[in-house]
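Peer 1: Have a look at this one before I ask anything.
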Amino acid sequence: MKVGPDITNSVITKELHEKKTPWGSLWLSYLIQAVTATQYSVYLTSMWPYLSSLDENADLTFFGWITTTYSIGQMFACWVFGYWNQKTMSTIKPATCGLVLMVIGNFLYGILPSLPSNHRWYMLGARFIAGIGSGNLVTLRTYCSMASVPEDKSKAMSLAIGAYVVGFSIGPAIQALFTPIGKDGILIGILRLSMYTTPAMIMALTSMISFFLLIFCFVETYSGVITEEEKKTDSFFVMPQYDRIAAYFCIYLWFMKQSLATMVEVIATPFTITLYKWTDSEAIFYNGILQFVGCFVDITNYLLLGYTRIGRLDKRKMFLFSIACFTIFFTLTMPWPFYDGPLEYVDMGNDSIPEDTSVAGGCLSRYTWCAHTKKVPLPVYLICFTVVSGFAFPYLAAPLGVVFAEILGPRKQGLMQGVFEFGGCIARCVVPVLVMSLFEQSGYIWPTAINLAMVVIALFFVLLLYRRLVPLQLKPPNGVATRYKAGVFYHL
């Protein structure tokens, strides 16, 4: 047990508030986080048609594994990069290592048509390498938390999460810009630039540019951390332990958010092809437009959270608002009996290759569930995909990053931020395989129902832990027993 005088933690806390947040480096980290998120989502609407054009025998199950492999690589990298950052207090080294791997993974993805065979396996390898590279998100997000002083932490972390989500949102929109090139594209030497490969080359180029920006323009300044040197200046200083239950619930919320986002993104192409009879190119193009509109709503909300009084509202109430939006989204997109239906199968006319969704959209013959499944009205889908999700994701993601960082307090956060991102990686590992398998077997009812159940669980625990989702108190109330690394202390 340790007992300290009234000045014990107040002096260091005051010094912490007097520091300045290095906004220049933070804005550069936001840019790289957006690039990292984009190089994941840019392929979500086009990867399945790309794989189908390379390998006629590929199915949605293998496609789910390709999507999952990216997250497996990222899951591994979260631990490694988080530990690397925790031990060295370096952001530049692990982040540049990740960017190099992203360049390699995206370039390999872009040259797949030039390879003679085994395209599906090379695609799987390319996504795995890029997934490892995307582990730089952990170090960059950790830096945002550790570099921002308490007064700026809400704004800094809101913009950090916002940068990632915006990058994630604009990926399909970027893909849509290259749809006019077509699936055959143009041949330059041995390199074929098509609507599938051109975005990959652009992502490789942007990752390379990010590498040089990080090397020459990024300056590491940790204004939001109480360093070991500062602790030595006050022999009575004690860093309280953080609330582990509250922290683990934040990780669940991030897992849920990533599950919902991945489900919506991964299922968008087969969903719209099946329900609305869009062709492959139409699905890529129209979903890209929807992503662009949704991204505009996202950006608007993140700016409101970062620069207006809305960002200073109670973060827990934002959680409840987001959960309400998600409930509306997944309730309206269930195949209710009063919706129109059943779904129509692919038109196999004389001028069409049987079940070639690049020519005609609709249900594949093996989807027996289409015969009794209702169709979500297109206007409902459009509004949910753009407006409802445009409010749901920002009002969960932005405050969640702030709350998690504040629960941990002004300490090294590399390892715990790695665990935080690890929760998201598990979601991105499990969801694509699970969703595609369920979609193949029974349609979209069960993926939607599972997501709705996760939202209900989140609502229950937000209400249960409402009073514990608060910042770490460096100066606890007088006489209250407070845990720290070596035991318990009392503040007098």
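Cβ atoms here come from the backbone N, Cα and C positions, even for glycine.
I grabbed these lines from TrEMBL:
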type     : residues : note
TRANSMEM : 21-42    : transmembrane segment
TRANSMEM : 62-84    : transmembrane segment
TRANSMEM : 96-115   : transmembrane segment
TRANSMEM : 121-144  : transmembrane segment
TRANSMEM : 156-178  : transmembrane segment
TRANSMEM : 198-225  : transmembrane segment
TRANSMEM : 245-264  : transmembrane segment
TRANSMEM : 284-307  : transmembrane segment
TRANSMEM : 319-339  : transmembrane segment
TRANSMEM : 380-407  : transmembrane segment
TRANSMEM : 419-439  : transmembrane segment
TRANSMEM : 445-466  : transmembrane segment
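Set these features in their place in the structure for me.
Peer 2: The list of residues near the transmembrane segment (156-178) in space but at least 6 beyond its ends in sequence, with Cβ under 8 angstroms from a Cβ of it, reads 21, 26, 29-31, 33-46, 137, 140-141, 144-145, 147-148, 195, 198-199, 202, 261, 265, 268, 284-285, 287-292, 294-295, 298-299, 302, 305-306, 311, 393-394, 397-402, 405.
Packing against the transmembrane segment (245-264) from elsewhere in the chain are residues 165, 168, 319, 326, 385, 389, 393, 396-397, 400, 403-404, 407-408, 416, 419-428, 430-432, 435, 447, 451, 454-455, 457-458, 461, 465, 468-470: each is 6 or more residues past its ends and has a CB under 8 Å from a CB in it.
When Cβ-Cβ distances below 8 Å are used as the criterion, the transmembrane segment (284-307) is approached by residues 45-46, 49, 155, 158-159, 162, 165-166, 169-177, 179, 195, 268-269, 272, 278, 382, 385-387, 389-391, 393-395, 398-399 of the same chain, each at least six residues removed from its ends.
Same-chain neighbours of the transmembrane segment (319-339): 253, 260, 373-377, 380-381, 384, 388-389, 391-396, 399-400, 443-445, 448-449, 451-452, 455-456, 458-459, 462, 469, counting only residues six or more beyond its ends whose CB sits under 8 Å from a CB of the stretch.
Sequence-distant neighbours of the transmembrane segment (380-407) (same chain, 6+ residues past either end, Cβ-Cβ under 8 Å): 141, 145, 153-154, 157-158, 160-162, 164-165, 242-243, 246-247, 250-251, 253-254, 257, 260-261, 264, 268, 272, 275, 290, 293-294, 296-298, 300-302, 305-306, 311, 315-316, 318-319, 321-323, 325-326, 328-329, 332-333, 413, 420, 469-472.
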Peer 1: In the same chain, who gets a Cβ under 8 Å from the transmembrane segment (121-144) while lying at least 6 residues past its ends?
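Peer 2: Those are 25-26, 29-30, 32-33, 36-37, 39-40, 47, 50-51, 54, 65-67, 69-78, 80-82, 84-85, 91, 94-106, 108-109, 112, 115, 156-157, 159-161, 164, 207, 220, 222, 401, 413-414, 417-418, 421, in sequence order.
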Peer 1: Hey, which bits of the same chain come close to the transmembrane segment (21-42), Cβ under 8 Å, at least six residues off its ends?
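Peer 2: Contacts of the transmembrane segment (21-42) (Cβ under 8 Å, skipping residues fewer than 6 from its ends): 70, 91, 95, 98-99, 102, 106, 130, 133-134, 136-137, 140-141, 143-144, 147-149, 152, 156, 159-160, 162-172, 174-175, 199, 203, 206-207, 210, 213-214, 217-221, 223-224, 265.
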Peer 1: With Cβ-Cβ distances below 8 Å as the criterion, list the same-chain residues six or more beyond the ends of the transmembrane segment (62-84) that contact it, or say none.
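Peer 2: For the transmembrane segment (62-84), the nonlocal Cβ contacts are 40, 44, 47-48, 51, 90, 93-94, 97-98, 120, 123-124, 127-139, 142, 266, 414-419, 421-422, 425-430, 432-437.
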Peer 1: In the same chain, who gets a Cβ under 8 Å from the transmembrane segment (445-466) while lying at least 6 residues past its ends?
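Peer 2: Same-chain residues near the transmembrane segment (445-466) but 6 or more away: 245-246, 249, 252-253, 256, 259-260, 263, 267, 316, 319-320, 323, 326-327, 330-331, 333-335, 373, 434-435, 438-439.
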Peer 1: For the transmembrane segment (419-439), what are the same-chain contacts with Cβ under 8 Å, counting residues 6+ beyond its ends?
Peer 2: 60-61, 63-65, 67-68, 70-72, 74-75, 78-79, 82, 135, 137-138, 141, 250-252, 254-259, 262-263, 266-267, 270-271, 404, 446-447, 450
